[in-house]
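Here's what Swiss-Prot has on this protein:
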type	residues	note
ACT_SITE	Ser161	active site
ACT_SITE	Asp261	active site
ACT_SITE	His291	active site
Amino acid sequence: MDPESFGLDKTAIEICNSYMPVLDIEPRLIREGFKSLYDIQKKHISKTKQYQLNKENGDSLMDVHFFYPSGYEQNPVDHKYKAIFYIHGGGFMVDGIKKLPREISDRTNSILIYPDYGLTPEFKYPLGLKQCYQLFTDIMNGNFNPFNDLINDSISIVGESSGGNFALSLPLMLKLNNSTFFKKISKVLVYYPITDCNFETPSYNRFSEKFYLTKEGMKWCWNHYTNNDSERDEITCCPLKATIDQLKDFPETLVITAETDVLSSEGEQFGLKLSNANVKVSVLRILKTIHGFVSLDQTNDSIACRVGMDLSMNFLNNISNNSIINENNNKTLLKLL
């Protein structure tokens, strides 16, 4: 099965054909290769503040980036913004590309909070997630508002790929700990999230190789992320393993998947499980595209990326997506599950 047979656009096909799994390279060297994509100041307003992690979460300083929407500098000094807590992807081991958080901040007129959480294998499960949890709770209780411009009475959580795993696990962790902040999460948005470690799903078997993200590549990421197999039974490691009761009262959620992605089945299964728990959830599969289609710079101008971004920004902005879903031009591009 080849990428060409799925009607992928030229750029997506080039990504699939040029990408080679790097299973024999140290994670730190992979990070070096991505450094050119990390210029967070490029074309956007951002500030960075160091945040002190507790001893049990690394006992170190973590950089937290704050992305600001266009027009921020023209607003009064005391103007406050709603907040979005954004968790980047990268297979648990690579820093995220900054294109997506920039656009989300701009199109929602929000301050987007972007933690540089500890990456595996130096910070294995659950350290990165616990760092995000500590930061999130300190933002919500007012202990970390370094520029005094955040509204923290409610917040949305957004994550992509492995960051989507964290974005789904964080509310579950809050609920398990009986945190009052669980109820303050207004929405959860995840793009092609990792929700499980089952490598025999329909999408894993159908798109196991040749489609950018591979089955062997994901096994490699998981082996670096967890300390042992028993951790993979925990719902904050594999959210799909949460029971219906554990998912009750989960925040309103939008799950966006990519058709030719090994992760599409597990993301959609998680959405179905939320629905079975009577959670308000929408699951949208974007057809003819690959994993990473909204976050990769190369696919930014693709129809799939633009439709995916329009759908997700409407969701965060409380605008109906019916018109996009019903447009004739999009009927061959997306599937509502």
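Cβ coordinates are placed from backbone N, Cα and C, and glycine is handled just like the others.
Positions of the features from Swiss-Prot, shown on the structure.
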residue	record	DSSP (3 states)
Ser161	active site	coil
Asp261	active site	coil
His291	active site	coil
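For Asp261 (active site), the Cβ neighbour count at a 10 Å cut-off comes to 25, with all displayed protein chains included. Note: the Cα of Ser161 (active site) and the Cα of Asp261 (active site) are spaced 11 Å from each other.
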